[in-house]
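Below is one structure, written out as structure tokens; comments come after it.
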Amino acid sequence: MDKKDEYLPNDELSLIRECAFSTGIEFEKIIETQVEQPVATLKQNCKNTSNKDSYNAAEKLLACTTASEDMKAIYVNQCLTDVELKTETKKFLAHKIVLCARSSVFRAMLTNDMKEKNTDCIQVDDLENHIVQQLLLFLHSDNLENLQLGSAIKLYYVGDKYAIERLKVLCSYFC
């Protein structure tokens, strides 16, 4: 076998892998590929790094919460809320910055001279409580949990009304 010492040092086959985890639908294409260096060369370049260190780093990273999880926790724990959405029967606390970041309609309501800006309250009488709950969880975490067909249709309407394009797209895939 040619170059056995280069590719199988000490008669060992070492595999190096890279994992990518998607937090949603991926719309991007592979734009670059690389040919890897032989293991012997990699070992020379990484003499100071052990597999144990790499494993511990990966393990630590997996134990960390994601930004999406942290944002969901801020919403669920009602931390520093500064606006409410009111249905006919219930008040939901939320964060202006999140509403403004995710929806141009909410941004207009909360930053222009409109009653919502002055009262820190957005009336959503046309929405059911569980739809508002799902909407706010989505806006804070970018996840739709336990979505059913009926809710997907209603959330699509909400996405259209409040210019939340990602919500519309995700709900349209469900239908």
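Yeah, the Cβs are placed from backbone N, Cα and C, and that goes for glycine too.
As recorded in TrEMBL, the features of this protein are as follows:
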DOMAIN    81-148  domain 'BTB'
Fill in the blank from the handout: DSSP assigns the residues of the domain 'BTB' (81-148) as 33 helix, 11 strand, 24 coil
Problem - Average pLDDT across the domain 'BTB' (81-148), rounded to a whole number - result: 96
